[in-house]
């Protein structure tokens, strides 16, 4: 889905070719490994040869372009965007010509590709058998199996962390024609004429992984055969969703559209790189406001909240001067600022920003516009974090109803809505409802998002939370570890979500009685939070609380008391006075005092916990009966 949109975006960008060639040459001169003579040749002779000739020539075009597309290297893609367009157009032209006479125009055929692949990436591929994979680069294949097998052997021999892959690809020309997937025989048009039966496909060609098996070989034991079948774009559900996302992208054009897609697929560092380049080149206040706003979202996703706030505020100040007071773009700015404040734990400021955004939207938008769903969803998040669960649930349900009307059934925003509802049910102790909502969210995300998108990590994390609360610790640990695995791929090293992962893994180990492992995980979480979060963020309070629980469980009551009091100190600054987390801290301190034999202090703290729980939680919530039981035990001792 996003692969198709990315391809369309790259092909739609119109650059000045002469300027683009000059900028590519300047970029190449800054690299250490490109010969000056080859750079000058491209500057002087680019128009003398076809794009396929340049692509197959023994210069740097082939390796640089495919590295850029494969790794989504923004610098390379920007510098070579003109060549991507030229090469695709050349492939399309030759495809139309060759279809008139080629046997490959009607009969299915097989092509091969040999290459090296890291063991880590191959292990991931083995887990996706039966699913789809996209070659984001221009795909060079051969009709000669032996030539491709030689390349696969070379790939395996590079080092012990590589395996050799022989891709065997079945191509149905009817699917290519129907889905506009052009391919060409380049043997007569490439640099090495009549040298090899090479078939070249355009970018972002999609295949289904049919079979993976080891090849018995005298040269290496790290050689594998992967059978692929080319697939078209005939999935109705995905086509509907792609069409809707294309519509959402409607106002975005050119490189800005590429940035938007990078944000959606979770490639925040690459989006940051792109928007910084665009911001440097921006020639109008309108563009500066747009790129600053997008950088706000990028920095927020990366957990760099002060940078996010600064970017959003720069955008807002420009828009206030340029636009009328109730313009929808101002609502978007206030919404973005609210998101950052929410992540920083400044909930009153977040709520104020969200309400200003909603106020504008009520004036300028039709009643079931998706932006209303965003506003109500974000307001719900604040209420949830403030412990006002009935208000949160009400906001989330309004948001979901709007999204069901406005969006296709597998849109990522619906996944976010189900996730939010699950989080409230989890906090209210309604675990089966929570699990059902989280699993519906994950189901949509698996269809709508790339496999290592941070949102999938969030869903696995949330499912782990429910299993942990239900006492199913092995299931909880499995979910948390899956979440952490995705985050290691998708996020920068000190992102606050890592703190969440280590914290939750610590919770499970604590519940399983593995206290040293729990303490290690909690301390890793706290270490990240001290770098990534403001000093009075509620997340830090949670870490001190959990460290206190471990010390309590191993009988080190003075250390436990110190950690719980540090937690309570932060919570009193960061949270409203009747938040359930304050009650939890009072409960924990009461339990420590009980075990230290200081019963009057224990009773005082337990009663404070009881008072808050009764105000903030449903009457049948297990926390209420738990604290009552502890109060009864203390009173017996007195």
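Placement of Cβ uses the backbone N, Cα and C atoms for every residue, glycine included.
Automatic prediction, not curation, is the source of TrEMBL annotations.
What TrEMBL records for 289-322, 331-364, 373-406, 415-448, 457-490, 499-532, 541-574, 583-616 is repeat 'TPR'.
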At a C-beta cut-off of under 8 Å, are there same-chain residues at least 6 beyond the repeat 'TPR' (583-616) that contact it? List them, or none.
387-389, 541, 545, 548-549, 552, 555, 557, 560-561, 564-565, 567-568, 571, 623-624, 626-628, 630-631, 633-635, 637-638
Taking the repeat 'TPR' (457-490) as reference, which of 289-322, 331-364, 415-448 has the most Cβ pairs under 8 angstroms?
415-448
State the mean pLDDT for the repeat 'TPR' (541-574).
95
Residue counts in helix (H, G, I), strand (E, B) and coil for the repeat 'TPR' (583-616), per DSSP?
31 helix, 0 strand, 3 coil
Composition by DSSP (helix, strand, coil) of residues within the repeat 'TPR' (415-448):
31 helix, 0 strand, 3 coil
